[in-house]
């Protein structure tokens, strides 16, 4: 199977998992990226089975609306049963690195609200230790140099992601060469740096369920 086929398989598995639990009042949280796009496309075939969605980015909102799925602002939603999103890396404890698509802050907010966070990924994303994928950090633009210096003190090699602005109007610094053995601690340390909006570690609030696309089929991992 190609990587695209694996993504489509896990996206369909996520739809199959949540569909029996949805009703006409249900609102689904939806992530950002190529795997999340596969989920949106699969979910759209069942749009009559639920009320609408909360999007983690402008790009996701546009794709949902393109399928005729109503998109709600998170502040107007009192109950979010599911959040479905991809990941750049996951460890066996379902701690994640996310933010390759620069939507990490809104993704983290929607994940925090949802009762169940379902991560969908192809098998290459499961790693023994996080950090081979550069860790994205969303930063207030004027704090870029200060934050970079602090990230060096934490052992990282920060690289400014040129030409990228988040939906919130901020910049991204990608932190290379980190072996993240304590993701909960590092997430808190980076978030404590003045000028950081948030970072791409999803460890304080990890995924509840990981659907992993492999050549042997979709595997399910739980915490």
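Every residue gets a Cβ built from N, Cα and C, even glycine.
According to Swiss-Prot, the features are:
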type	residues	note
ACT_SITE	107	active site, proton acceptor
BINDING	32, 33, 34, 35, 85, 86, 87, 88, 98, 99, 100, 101, 125	substrate binding site
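Of all Cβ atoms in the shown protein chains, 21 besides its own fall within 10 Å of the Cβ of residue 125 (substrate binding site). All chains included, 31 other C-beta atoms sit within 10 angstroms of the C-beta of the residue listed as 'active site, proton acceptor'.
Neighbours of the substrate site: apart from 32, 33, 34, 35, 85, 86, 87, 88, 98, 99, 100, 101, 125, residues of the same chain with C-beta atoms within 8 angstroms of the site's C-beta centroid are 31, 36, 121.
Between residue 87 (substrate binding site) and residue 107 (active site, proton acceptor), the C-alpha separation comes to 11 Å. Summary for the binding-site residues 32, 34: the Cβ-based neighbour count within 10 Å is maximal at 32.
Separating the Cα atoms of residue 107 (active site, proton acceptor) and residue 32 (substrate binding site) is a whole-number distance of 8 Å.
Each of the binding-site residues 85, 87, 98 was scored by the number of other CB atoms within 10 A of its CB, and the lowest score belongs to 87. Annotation for residue 100 (substrate binding site): same-chain Cβ neighbours under 8 Å, separated by at least 6 residues, are 33, 88, 133, 136, 200.
Looking at the residues that bind substrate per the record, 32, 33, 34, 35, 85, 86, 87, 88, 98, 99, 100, 101, 125, the two CA atoms farthest apart are separated by 16 Å. The secondary structure of residue 85 (substrate binding site), as reduced to three states from DSSP, is extended strand.
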